[in-house]
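**Student:** Input: one structure, supplied below.
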Amino acid sequence: MIGGKKKCIGLIFGGNSNEHEVSISSAKTVFQAFKSEINKERFTIRAFYINKYGDWLDSDSSEKILIDESKNKNTTKKQIFNQEKINFLDGVDFQNVDVWFPLLHGINGEDGSIHGLLRFTKKPLVGCGIIGSALGMDKILMKIIFSNLKIPQVNYLVFQNQDLNDEEVKNKLIHEILKKLNFPVFVKPSNSGSSLGISKVINKSEIIPALEKARGIDPSILIEEGLEVREIECGIIGNSKLLTSEIGEVNYKSDWYDYNSKYHSNNKIIIPAEIDSKISKEIKEIAIKSCRALNIFGFARVDFFLEKSSNKIFLNEINTIPGFTKNSMFPMLWKASGLKIEQLVAKLVDISLDL
């Protein structure tokens, strides 16, 4: 970097969550973006891989995983942190980092865990803080806050793990679902991403298996009424001033937008989405309002439902560490808005330094 020191980016990826492989794919994209010609004068990058057991690998070993994923990710020779080594933040690998870029999707990362840990390094990080991350991960708490702000959402019910352990209580739950919601309904673990653990339920007999599946991932369970909708998404970047991207739509071919649809299907991505300008404006306004409500800044992707019959907007959820894979909407939205991936990652670092 002419006239100054290059910023060293600490890219953290992997993690002991169900979204481990998605995180690796996202990290590959971001790693290459920082290595690009337009960024090499400004940045150096160090990769830090966390395996599925929660052990951190050294930067050289981590980089090899991003270059050659066939490397054995769980037996790489050098570990810089494990359960017996708690002073890892003093390690040489960490001392040289100027800005952290966590790309841990799901629990133990996107939920604010990594943000709390990295706070002790006293180095800036890309993305929002602990509170915004935790609220963005917890679908139920998110919905409660949105309800208080009168932000439109689909009808929903909330249950806890222990509710399913008593037969009488369980029967009451089923009765409540049948009384208050119309089929189909979607049963979701409150703390999960990439549609993992979610089931589409079309009749009474499918309710209990779906609840059991969801509580296998998280003890808090969300049940939402399903509507005939379009999947609409909006990107957010910024701090004191939040900027919105073009609006995008995912036109998926499967019955609903599940994990396979997100990462293993040839979905049609439409950017900008073919919607009325008034609806687009309202979606952007709700996106900013919802991020402000949860103290979310840095970057995020805000997901909406647009009911096909009425064009009514429903806020679905906010993703505080959206995917950066080849199929991910977030970088596509910003590319359509004038920021290529190389420019986007640099912009996110600049935002983190502007706090």
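Counting starts with 1 at the first residue shown.
Just so it is clear, glycine is given a Cβ too, placed from its N, Cα and C backbone atoms.
This is the feature table in Swiss-Prot:
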- 178-233: ATP binding site (BINDING)
- D303, E317: Mg(2+) 1 binding site (BINDING)
- E317, N319: Mg(2+) 2 binding site (BINDING)
- 143-350: domain 'ATP-grasp' (DOMAIN)
**Student:** Can you tell me the mean pLDDT for the domain 'ATP-grasp' (143-350)?
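**Tutor:** Per the prediction, mean pLDDT sits at 92 for the domain 'ATP-grasp' (143-350).
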**Student:** To which of the binding-site residues E206, D303, E317 does the lowest count of other Cβ atoms within 10 Å belong?
**Tutor:** E206
**Student:** Of the binding-site residues D303, E317, N319, which one sits closest to L178 (ATP binding site) when you measure Cα to Cα?
**Tutor:** E317
**Student:** Would you identify the secondary structure of K213 (ATP binding site) according to DSSP, in three states?
**Tutor:** helix
**Student:** For S199 (ATP binding site), which DSSP three-state class applies?
**Tutor:** strand
**Student:** In this structure, which of the binding-site residues L178, V185, L227 has the fewest other Cβ atoms within 10 Å of its Cβ?
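**Tutor:** If we count Cβ atoms within 10 Å for the binding-site residues L178, V185, L227, the smallest count is at L178.
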**Student:** Let me know how many other Cβ atoms fall within 10 Å of the Cβ of K213 (ATP binding site).
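**Tutor:** Neighbour count, Cβ to Cβ under the 10 Å cut-off: 17.
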